Amino acid sequence: MSKGLLTLITKPQSQQFDSRFGHNDKVSNNDRRNIYIHSLISLVTGIKQRVAQWLERWARKRKVAGSNPRADKVANQTLHTDSPDLPECFQLSVLSWLPCVYLWLACPPYIFYVQRNNMGYIMMSVLNRVKTVFALLLWIVCWADLFGTFHELHQGDTRPPIYFVTPLVVGITMLLATFLIQFERLRGVQSSGILFIFWFLSVLCAIVPFRSKILQAKSEIPDKLRFITFYLYFSLVVSQLILCCFNEKPPLFSNFPVVSPCPSMAIKGYKNPLEAKDLWSLNKRDSSEEVVPKLLKEWDLDIRVKLKARTTAFNQGKPPPAGESNHVGGENSPEEVEVLLSKKRTPKKPSFLRSLIKAFGPYFLIGSAFKLLQDLITFVNPQLLSLLISFTKQKEAPTWWGYALAFLMFFTAFLQTLILHQHFQYCFVTGMRLRTAIIGAIYRKSLIITNAAKRTSTVGEIVNLMSVDAQRFMDLTTFLNMLWSAPLQIILALYFLWQNLGPSVLAGVAVMILLIPLNAAIAVRTRAYQVEQMHYKDARIKLMNEILNGIKVLKLYAWENSFKEKVLEIRQKELNVLRKTAYLGALSTMAWTSAPFLVALMTFAVYVTVDKNNILDAEKAFVSLSLFNILRFPLNMLPQVISSVVQASVSLKRIQDFLSHEELDPESVDRNNTGKHGHMTVVNGKFTWAKQDPPALHNINLMVPQSSLLAVVGHVGCGKSSLVSALLGEMEKLEGQISIRGSVAYVPQQAWIQNATLRDNILFGKAYNEQKYRSCLEACALTPDLEVLPGGDLTEIGEKGINLSGGQRQRVSLARALYNEADVYLLDDPLSAVDSHVAKHIFDHVIGPEGALQGKTRILVTHGISFLPQVDNIMVMVEGRVSEMGSYQELLQQNGAFAEFLRNYSLEDIIEDEATEEDFPDDVLSNHTDMVDSEPVVEAKRKFIRQISVISGDLENPRSKSVRRRLCSERKHAEPDPEKKLPKVEKLIQAETTETGRVKSKVFWEYAKAVGPLLTLFICFLYGCQSAAAIGANVWLSQWTNDAAQNMTQENVSMRVGVYAALGITQGILVMVSSFTLAMGNIGAARKLHYALLDNKFHTPQSFFDTTPIGRVINRFSKDIYVIDEALPSTVLMFLGTFFSSLSTMIVIVASTPIFAVVIAPLTFIYVFVQRFYVATSRQLKRLESVTRSPIYSHFSETVTGSSVIRAYGRRDAFVLMSDVKVDDNQKSYYPGIVANRWLGVRIEFIGNCIVLFAALFAVIGKDNLNPGLVGLSVSYALLVTMSLNWMVRMTSDLESNIVAVERVKEYSETKIEAPWEVEDKKPSPDWPSQGKVEFLDYSVRYREGLDLVLKNLTLSVVGGEKIGIVGRTGAGKSSMTLCLFRLLEAAGGEITIDGVKISEIGLHDLRSKLTIIPQEPVLFSGSLRMNLDPFEKYNDGEVWKALELSHLNKFVSNQPAKLELECSEGGENLSVGQRQLVCLARALLRKTRILILDEATAAIDLETDDLIQSTIRTQFEDCTVFTIAHRLNTIMDYTRVLVLDKGQVAEFDTPSKLLSKRGIFYGMAKDAGLTQ
């Protein structure tokens, strides 16, 4: 039947067409337009006639008399009249059924969705009751209609069937709506989108009958019942629509967070700066808890599939694909694997992309569906514009046509807005989930990768994966749909252009095709530069990381300049790449700005020249122009999207490579808990740090019975720490087996401390038990320290334990192990960092036979010998093998290497040795934690070092303690009360401050100054010129189209085309020049800002680095500099572009229809208001987002540093959870940002749509005075403005949030700096100090303003060449005294003179370069060994080799293939701690200054090496003044004098023999150490 209806409809129309216009080909353009309009009218008329006939026949069949709706009359009353109306039949059928059809179609999927996502239960409210009552009333009204019709039938007044069907359908639909209202309440839905659209459609469809019935009522009311029921219906539907705008109460028993609507947050953000507590909680479906497992599930599945395929291939005798095993522990021997790898097979790796698509693809596709819809609607407005221009030509057409077209344009644009923002919402949320999932996956992976894998990925690189690469994925999802949408839009635009201009469009297409290779070439080069720039950026961040970690050492050695040059060298390369990228950028900007214009130019030129009959009138020109403008967006976006895809593919590969790294084999240690707890065996163990390395441990056989204590001893680098790592499963097991029964606790050589309270560090996730906790503190000698800490055990410990001394850190680490109550304890040299009496206390109370761990199995690695007689067994290691094993007595009787070793040292040495290595923090990370070569350790280490801070070992007295914490910012007034908890004071590391309120104009001015004020003005001038050229070209086109009306077309063609081309090309050239000038200005600014930041950080005093987490400073150098380098320039470019584009639109519309100026003021007011409203909230959200980002990375680097500790204690899941919480906190401030963007987009585009509406309305009103060219010009510009306005607000906001980077960089470029490095008029003579005489005159010092003095009124004099030992309990001020010599701490009173020169008056470099220190932590930087010894290349190779020989390193270095060019890894991790200490000694021997300071320099070294060092120092520095901070008292017994410090004052100062005879403090210490009776 429908087929028949179609033929019926189409046939008369074609007949009418032929009869009216015949087959004349040469019809004028106006006639053709009229033909279209009349055809449209005839089509509608035809449809109505057929419907009427069909209904009539249908009625006749049922013997019901139907009235004949006269079709022509219908057409006339609908279209060709000044008061149009629709037929009653149409109103009763189509208009009534439309909302009903929508609701019935939408209901089933919606009910299914709500059923699946139950959000709780909402109590019945007044609002809900009213909605339900109104819905029931609507049902009653509809059925009243139905019963009325039955009543009429009963009375013999027969109505058509529609009078029965419609009330029935609408009534049942109202019952469905009533059901939905209650169903949503029971399922916790607060506001219903489905019902809102239903009520909105109902109101919309009821407007026509509403008007019709009023018009009818003017004469008489024919049908009073339906008149009354309709108006009741209309009132109720409008009421429902209004009620639908209000939210229900939040549901009870809901798992979903309650989200207040966006405006409430925006209002709050507008009134006061937003804070974290104002943010909504994250939707559960967007949280790490749900998102990360979803991705990991797909990824693991992919790995398993590939692994299975590989195994199958191997079983069939084929070699498996290379490089694929993600999980360790395949069955092939290394040799076999190597053979297999050498065969050239294309590796089929697991695909991370496939996993991402499986996990997040379906949700993303919903967004894609919205995008498709939006693309189709985009092409409606050019068609409406075409109708509008033709309407202005028809003087006799009814005015309401024009108004209808204007409002249709408005509604189409508005619908497009709503759909587009739905699409964006889906895309952004997908992007957010992607980022969460990628960060979560990387974090989880970093906890289980092997040490070999850690070498290839440093902490800096992994953080980059988390920040930059995850961010790239997030950014890409927004525009990913453009990959298919852009080609679709281009094809549709070309189709409509072909309809408009015919084959001439092919000329335009040719231009587009020619531009593609240009854009492609630019994209390829840009990608290459991108990769190169990432490489330099990684290198720069890595170096900065090392510098900040080793900043104290750089200051002590006065090496800042050398390292500054290295950074600037990398930075210069980075800027060169940026400059090349800018050249390309300017070219591509020109290409994409000029592309639509060139396409239009070619098309119009060809169109008017190929055929004399082709006349370019307003309709053709401006409809084509609006289509070209639509074309502009996909043409612009496509290259950008392709380059984003390319960048994301680089990131994808980096992430995939990292996630494919080998993992530690959880099976390498057999933890099968059968048998006795605490039993430990290793059989034929052979271990290596990486499969490709030679084995580090050979033939290890070990059996530790339950409850016994085994000591492991041996030289530096013999594999003691490696053995502990092997037992933990941290090394690759090549042969043999390990089994450990029971749980493990582990104390690494370098204590790993978290940024948490002291108590949290000890509990480490266990429940708090007061009694057990107190006894742990007592046993680990921590009770006295608590009295000193400002907040007791609730004091916050800074990053890496910065506000604890080395000894305290080690004791906290030990207390953690003790509290953990494990079965097996692995103690890696825990006594090396504490004083002798403390070491004795700890051994007696914790480790030893009578200690708290007496019933546990313990392995103690130690350099000292004092406690060896008390252990059960001793294992002696030499070069990775077990040389001897047995009890102390057995080994002495065997008379082997061990006995020889013991005999060389007197008992005093033995007893003394052990204890003293107070503060040796850096060692503590040493060969452990993640072990030699483990890159992240590196980072750890680097970081440790820097945090070791000013006070190194001094922190156990109350004053120096308070000193060290950064509480100055919390309480500048008084010093902390050492008694009990002062919660205010606990914060050492202050929360990162966020600026609030508007970005100050000063920041913009700072940036403009960095760019150059004149250059800034010139750039704005260039942008103005390019807009003027663009307007000129379009006004010229408008004039050209008016030629058609005046029949002056032919004579002017070449002149018209020529001028149009000239204006357009001028615009293109100006665009290129302006974007290039802008890029150069931006690069200049980036260079200045980075240089200022770098320079300031090298001049910043040490105290700043002690109280500022590295993450914060690194964030300035990485994220903020990246924004200034890359994000800010493109934002400024876009901002200027959109600003001038919006301005030119306004100028054009006002020029065309001056009355439009009336509307500009209110629209501008609303626009500015919305923009300020949004920017206030958005800016603060961006700031909160960047502040919550730092903790993710700080926590991450902390985790990687301590990953072996986390694994040993089985705390992996807890740390994963912590990371997830931090990521979720960050996304919590990102998500409202997305919502705010949508909120803003809808409102701003609404203003843009109003501009379209008014431009069209004023064109309709003034159609008698306007020519079609001006109408076309005005409305086509108005259609463009929405995009410009939207981008302008967005760019204003982005500009504000990106300029924050300048603010943050400036903040750290203006921190307080230390004294100048050189003071020209106070330069000491080149041979100063010739004698080395040092005097302290009434010298006092404090760490910072407002804190206690650490040294008080120190007065002493040291003659040149004297050897001074400095001793004192921890915290007496020993290290502080040495720091004062280098002026790392400045005097609070008094003077220090060296050879009569006041050190406070000369430059810091002049001072520091003339002193030498062998610091506590041996810091090495990545680079060659030679660079580490002599960064300024002052000495020749002979001198360097001599220094190495004297420091006993020459044998080691000459055995290396690279000799002096031996590459030190980050933090010197490929050398053992002892070797690093020897490198520091070699540095000192090279500098050979008159004054040498040894800061506990031999803590990590075995006795033999220590002896060698001591003899080297005695011989080589014989004529120098030497200050030694000593804990091993035997090393200073032959010194000239000994200085005993107590609480920052000189307690005793005399020769060792005299001090012993005085029987004072020194005598007590010597007695403790067993050096005297």
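Note: Cβ is positioned from N, Cα and C throughout, glycine not excepted.
The following features are taken from TrEMBL:
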type	residues	note
TRANSMEM	94-113	transmembrane segment
TRANSMEM	133-150	transmembrane segment
TRANSMEM	162-181	transmembrane segment
TRANSMEM	193-210	transmembrane segment
TRANSMEM	230-246	transmembrane segment
REGION	313-332	region 'Disordered'
TRANSMEM	359-380	transmembrane segment
DOMAIN	365-647	domain 'ABC transmembrane type-1'
TRANSMEM	400-420	transmembrane segment
TRANSMEM	479-498	transmembrane segment
TRANSMEM	504-524	transmembrane segment
TRANSMEM	581-610	transmembrane segment
DOMAIN	680-904	domain 'ABC transporter'
DOMAIN	1017-1297	domain 'ABC transmembrane type-1'
TRANSMEM	1057-1079	transmembrane segment
TRANSMEM	1269-1289	transmembrane segment
DOMAIN	1334-1568	domain 'ABC transporter'
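Tertiary neighbourhood of the transmembrane segment (133-150): same-chain residues 159, 163-164, 166-168, 170-171, 174-175, 177-178, 181, 225-226, 229, 232-233, 236-237, 239-240, 243, selected by CB-CB distance under 8 Å and a gap of 6+ residues from either end. The stretches the transmembrane segment (479-498) and the transmembrane segment (1057-1079) are not in mutual contact, being linked by fewer than three Cβ pairs under 8 Å (pairs 6 or more apart in sequence). Between the transmembrane segment (94-113) and the transmembrane segment (1057-1079) there are fewer than 3 Cβ pairs closer than 8 Å, counting only residues 6 or more apart in sequence, so the two stretches are not in contact.
Long-range neighbours of the transmembrane segment (193-210) within the same chain, counting only residues 6 or more positions beyond its ends whose Cβ lies under 8 Å from a Cβ of the stretch, are 85-86, 91, 95-96, 98-99, 102-103, 106-107, 110, 177, 180-181, 184, 230, 233-234, 237-238, 240-241, 244-245. Ranked by Cβ pairs under 8 Å to the transmembrane segment (400-420), the stretches 162-181, 1057-1079, 1269-1289 are led by 1269-1289.
Sequence-distant contacts of the transmembrane segment (1057-1079), counting only residues of its own chain at least 6 positions beyond either end whose CB sits under 8 Å from a CB of the stretch, comprise 579, 582-583, 585-587, 589-590, 593-594, 597-598, 601, 604-605, 608-609, 1015, 1018-1019, 1022-1023, 1025-1026, 1029-1030, 1032-1033, 1036-1037, 1040, 1129, 1132-1133, 1136.
If you look at the transmembrane segment (1269-1289), the same-chain residues 6 or more away from its ends with a CB under 8 A from one of its CBs are 381-382, 385, 388-389, 392, 409, 413, 417, 618-619, 621-623, 625-626, 629, 633, 1034-1035, 1037-1042, 1134-1135, 1138-1139, 1141-1142, 1144-1146, 1148-1149, 1152-1153, 1156, 1167, 1170-1171, 1174-1175, 1240-1241, 1244-1245, 1247-1249, 1251-1252, 1255-1256, 1258-1259, 1263.
Mean pLDDT, taken over the domain 'ABC transporter' (680-904), works out to 83 on the 0 to 100 scale.
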